[in-house]
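What TrEMBL says about this protein:
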BINDING   81, 83, 251, 325  Fe(3+) binding site
BINDING   81, 83, 251, 325  Zn(2+) binding site
BINDING   90, 153, 186, 254, 330  4-imidazolone-5-propanoate binding site
BINDING   153, 327, 329  N-formimidoyl-L-glutamate binding site
DOMAIN    72-413  domain 'Amidohydrolase-related'
Ligand code: NIG
Ligand code: FE
């Protein structure tokens, strides 16, 4: 039995009880903390915590003690939206953007998702695994302790399966929870440019049964956007996914108000993601039900599109999560610390709201909040310890810099 006893914690942050699975907008302001604290991790889980003036009586004598020296302890970041399996970076598009081309211009010129798909189709499973493993290792070093990863750069049956098998291997080999979303509906491949129906049928009749057969995906995703997948396409795809038990987590309203949020809510999506374009009807549609609005501020920052209306969503009592969207086109960064800073600076979320969005609500957006996302007895001991900080707000305030000193995964310093 292994035990880790972390002492002299300046503030133990995010003490939501085990039964709190998600926070709606108005609750997101509440982030319980304990000052001058200790936390005990046993057998990979958080087993107890308390104040330094009341140390545990039954501390296992095998426990390894780590002195946090006034650093804060947070539950690891839960990054609920990424595309980290890809074959090549796209910095040539970065330069096109500097020269004034928009995300849509680049996609129309054969760049974008189709550029990544061409390269991924040529890459081996091993190459894809090795590069994704480096990205995931970097993300873990930056405090991420649970992640969702999407397919969607395959766009053929073989290559979509190849991507999902890479994600499964990441699940098997990494110590953090990993969820997989099936996103063949990311772009129409060139050979289906004039035969959208043919591609939808390929996804529904050929890809989905194979993926379900191998148990390769947890969620069904689609890019519901003008020039990509229509509301009707998305509706059919989500219905087809549901037949195989795949709940939706979808891309909606990135470039325009697309109807994607409403179709997601109709299918009780776990989350609708992006929402850079929002109107009153979008907010209204999310008020009932438990669909989470997942906002991706580093995507807005990187491709220079509007930032989502986080305040409107939170004030309407809608649950909001934040995630990186790490991918080679719209967000070549997997840094949740930056996302939390941007959530404060650009989405005008208060530090407590941003931290909740990146922990407990991120966990909820992967249906993992029984396991991770807060400091609660019985939860997985995936944590990070910061340098000493003057206050909680110092973390997002010191944007672009990491305050993280130590990573704990499954109750062990890693
Ligand atoms: O979430 N919007 C669609 N998918 C990705 C970008 C994909 C790409 O450009 O490669 C996103 O931003
Ligand atoms: Fe995305």
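Numbering starts at 1 and runs along the chain as displayed.
Using N, Cα and C of the backbone, Cβ positions are placed for all residues, glycine too.
All features noted in TrEMBL, drawn onto the structure.
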residue: 83; record: Fe(3+) binding site; contacts (Cβ under 8 Å, 6+ apart): 149, 150, 152, 153, 183, 325, 326, 327, 328
residue: 90; record: 4-imidazolone-5-propanoate binding site; contacts (Cβ under 8 Å, 6+ apart): 111, 115, 116, 328, 329, 332
residue: 186; record: 4-imidazolone-5-propanoate binding site; contacts (Cβ under 8 Å, 6+ apart): 113, 150, 152, 153, 155, 221, 222, 223, 228
residue: 251; record: Fe(3+) binding site; contacts (Cβ under 8 Å, 6+ apart): 183, 221, 222, 223, 224, 225, 260, 273, 274
residue: 254; record: 4-imidazolone-5-propanoate binding site; contacts (Cβ under 8 Å, 6+ apart): 223, 225, 274, 275, 276, 277, 299, 305
residue: 330; record: 4-imidazolone-5-propanoate binding site; contacts (Cβ under 8 Å, 6+ apart): 103, 299, 302, 303
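Only 325, of the binding-site residues 90, 153, 186, 325, 329, 330, place a Cβ under 6 Å from an atom of ligand 2. Secondary structure at residue 153 (4-imidazolone-5-propanoate binding site), as computed by DSSP, is coil. Screening the binding-site residues 90, 251, 329 for a C-beta under 6 A from any atom of ligand 1 leaves 251, 329. In the predicted model, residues of the domain 'Amidohydrolase-related' (72-413) average a pLDDT of 97. Long-range Cβ contacts of residue 81 (Fe(3+) binding site) within its own chain (separation 6+, distance under 8 Å): 148, 150, 249, 271, 273, 294, 296, 323, 324, 325, 365. Report note: the N-formimidoyl-L-glutamate site is defined by 153, 327, 329, and the residues of the same chain whose CB lies within 8 Å of the CB centroid of those residues, excluding them, are 83, 86, 90, 112, 113, 116, 152, 328, 330. Within 8 A of the CB centroid of the Fe(3+) site residues 81, 83, 251, 325, the other residues of that chain are 82, 150, 273, 274, 296, 299, 323, 326, 327, 330, 331.
Within 10 Å of the C-beta of residue 153 (4-imidazolone-5-propanoate binding site) we count 32 further C-beta atoms, all protein chains included.
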